[in-house]
Amino acid sequence: MVWRRFCLLLVVVLAELVGLGFFIKGFFPYKKSIPGFASRHDQPQDITQIDISGIGSAAPGAFVHETAQYDRLVIMLVDALRNDFVFGNNSAMEYTQSLLRGGQAVGFTAKALAPTVTMPRIKALMTGTMPNFLDAVLNIAESDTSSSLKYHDNLLWQLKHQRNKTINMFGDDTWLRLFPGIFSKTDGTSSFFVTDTVEVDNNVTRHVRPELERNDWDVTILHYLGLDHIGHLAGPNSPLMRPKQKEMDNVVKDIYEIIRRQDIERTKNDSGAKPTLFVLLGDHAMNEIGNHGGNSKLETSTVFVFMGQGIRGQPIADEGKNALSALLAREVPQINLVPTLALLFGVPIPKNNLGVPLQELLEGYTEMERLRLLQVAADQVFGVVRANDPSVDSVDLVGISRRASSLAADSGNLDCSADNVLRCKYIVALELHRRYAMADSVSAGETERAYYDFMEQASEELSRAFSGYNLSAMAKGILVIGIATLALVALLQIRHGRRAGIFDFKTKRLVLSIPALLLLATYVMSNSSSSLIEEEHQFWYFWVQTMLALRIITSSSARDTLRTGMQMALFRIIRAWNQTGQSWAGEIDIRFYLNSSHAKHMWSLVIATAIIVNLYVHWLHLRLRRRAVLGAGMSEGNFARLSMCHMAFRLLLGYASFVALVYQMERNSGWEPLGVSRNTWTLVLMCVPSSIADMARVVYICVVLIGAIGGAAAWLRAQGNKETNQLAGTQEATLDMLFGMIPLLLLLSRPHNIPLFALFSSVFVLFSPPLLPVFGGARSRDESALISSHSLRPSKILVQFCLVHASFFALGNSNSLASLDLSNAYAGVSRYNEGLVGVLLFVSNWAGPLWWGAAILATAALDSSSRKEFRQLVAGLVTAAQVWQACTLLSLSVVVALMRTHLFIWSVFSPRYLYQVVWFAGYHLLYLTFGSLLWLG
């Protein structure tokens, strides 16, 4: 019966995975694009040179005017370069600012779109398109080649194949994956070893002078990662930030001086040589804690700075601090880089580009040349309009030229209905262009405005247009997930002992507690609100405190009331630790104080957390050993072995905790705030590896050994014929698992979050009187996972289930990709391994839920009176957890499908869906695995 039920559960979960696969395939497809690569023959005939008599004609390519202003390009991409890092009052990039003030450079705030992570941003910068949101996930997979632009039109392909440019790249190896076969010289660096802020940039800078001073290159790309890594590690206000900005500024100075000197020499030797364009830019920015991925203003506001001969900005006479503040508000879409560079270098604009040429960069052309370039750019955008809407007719350039002298040059005299407004605006611009060439009363400025009016509106509409969804696959996914959800509900309803089920048809009584039903109903409804998704932490904070308050109201014991009151007080501290979400993310919290003026207190709390947990485990083992009664079937030999296991467990736990603490202090410079010299601890530190990578590996090994010893202790305790021994073994195993993972969590958490695990432990212990040194008492067995003798009294496991989710947000996480912490995903990793990094990334970001998930299993063991009862309870828990996530996944799938044209679909709903995929495929399947081992064991 047990195995049959487990197999049914497994089949249903696998079916749910299939449904999820269908939905993801439909909702996150690879971006469909116009196939092929643009060529010069794709460019339109010059509207000013069309023979309206129809006697003669010429091939489109004959009308391409060679107007390239530059023949060499340097792109210096500084990862996460926020606009205020260059234009702001506190910027350390003084040389760059001097160029902007002197009119020798032109600057913009470049607006990136979500997801603000490197791979999709590079795609946008080189193709002018809106990358698929799934690129945010592929951004982590370094071996992924499916997102390559090898067969997609892009600026680098055009430069290499249309102009025969020699292109070199040094820096982030994401470029190598995106553009295979494009580069002549490369030196790629991994973008995910975020603990490295020095060598990762030195490896790029060492190529600057040797390579740029050569004459065998045409395009050089330099991608610096150090500034982004500093943001991930310590935020934008880190003491390391200004020195890094100064370092980048020095690189700008070196490059600018090299290309200026070379251009002078090249012009002397070749009168036909054209200058070099130098572009400083960022792929995205960073928020107030140094992360990115979302769509907040701080994350999307990066920079464009154009430098070189021919660049003429507006000199700024004001030398005051706010002289460049106007550039912070001078915003342009990031994708505008693509058509701008394509026109400046005389190559076709990539076919799928949605960007608009930057007007300030075209000032060096004559009016006729500039209008011709705008016609070429507008024609390319119009091609994308037609590709996305086949009902839009093509335009007849000859007919437009014939009508140009008779039609008034404004859209009011054209049939510009809502269905063809873009086509009409394009025609208006062409007619104005033709009339200007005929020396009519039309000005060049008026014609330019018409072209920009069309391109900007077309770009805006295409950017938010619905495209690429596979509704059939999405519908199949929702159907399969829905069927799986109903099957899981049916499995939960099947009574397996008195602790399972939803509704008792025999007694016509609701078995599931009212708080559990309300929790599920309100949570499912909240998934339809973008604001509630952004502020989901408020939902869980409310429910935790509400359920604790209900436990006080329905309590019949003064001791229970006191313990629950203490839990409410502790949770109030927990929720104040990290501000998260969108509305309050920048507010002052405990984390702020610990990382600024109270760093000494933070490290004191970190050390105290490790000591308290280890002392408690020591006390707990002594208490458990006293309960190991020899007369209950345990032999003297096993009793002695159990004592040895306990001692080995505690020694390893203490050592692993100590190594994890040293790792944190070495990595985050924790010695100085404590006023302690590392040299004074030399003898003690001799037992710790010298490198932080080896420290992390030692902790991993110790945690594995702790698990093995804990399992051996549980097995020894379970020996004998007594049912009590078997239950005691299970209780010990779950408690050892709970506290044995602490060193791992100490290692993979940010230092300011480590004290939270002491608070979590305190809240957990207050749930279980037998585990308390004080406030002790008999074990309370009036409640289980979802059932209570009092329908209004939340069970302790239900409260802990809320704490699973609340702890995720309490550690500073949110439903935005910007809160994803990469800084601890590489602890002990010397060579990039996607599987290992993925596991560490999951553990470091889901540390709180993982700990409370283990706490639920421990509580289930402590609240059971027999091994059989525990197995029944775990069966109900595992099934109920799958019902919860299935209902959540189903509701989110329906909401996302309905909201696919919503303004916030990519900035709010899509990240939330990706997080739910991780909750399901990562957390709940892991919980199913461990729960099933206890259920079937």
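Here the Cβ of each residue, glycine as well, is placed from N, Cα and C on the backbone.
Those TrEMBL annotations? Automatic predictions, nothing curated.
Features of the protein shown, as given by TrEMBL:
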DOMAIN    467-929  domain 'GPI ethanolamine phosphate transferase 2 C-terminal'
TRANSMEM  473-494  transmembrane segment
TRANSMEM  510-526  transmembrane segment
TRANSMEM  601-619  transmembrane segment
TRANSMEM  698-716  transmembrane segment
TRANSMEM  754-776  transmembrane segment
TRANSMEM  797-816  transmembrane segment
TRANSMEM  836-862  transmembrane segment
TRANSMEM  874-897  transmembrane segment
TRANSMEM  917-936  transmembrane segment
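Per-residue pLDDT, averaged over the domain 'GPI ethanolamine phosphate transferase 2 C-terminal' (467-929), rounds to 83. Tertiary neighbourhood of the transmembrane segment (917-936): same-chain residues 2-3, 6, 9, 13, 16-17, 20, 24, 730, 734, 842, 846, 849-850, 853, 857, 870-871, 874-875, 877-878, 881-882, 885, 888-889, selected by CB-CB distance under 8 Å and a gap of 6+ residues from either end. Cβ atoms under 8 Å from those of the transmembrane segment (797-816) belong to residues 289, 293-294, 296, 513, 515-516, 519, 533-534, 536-537, 540-541, 543-544, 547-548, 551, 571, 574-575, 577-578, 580-582, 585, 591, 749-750, 753, 756, 760, 763-764, 767, 783-786, 845-849, 851-853, 855-856, 859-860, 863, 877, 881, 884, 908, 911-912, 915 of the same chain, restricted to positions at least 6 beyond its ends. The transmembrane segment (874-897) is not in contact with the transmembrane segment (698-716), judged by fewer than 3 CB-CB distances under 8 Å for residue pairs 6 or more apart in sequence. Under 8 Å from some Cβ of the transmembrane segment (698-716) lie the Cβ atoms of residues 634, 638, 641-642, 645-646, 648-649, 652-653, 655-656, 659-660, 663, 688-689, 729-730, 732-733, 736-737, 740-741, 743-744, 747, 828, all in the same chain and six or more residues away from its ends.
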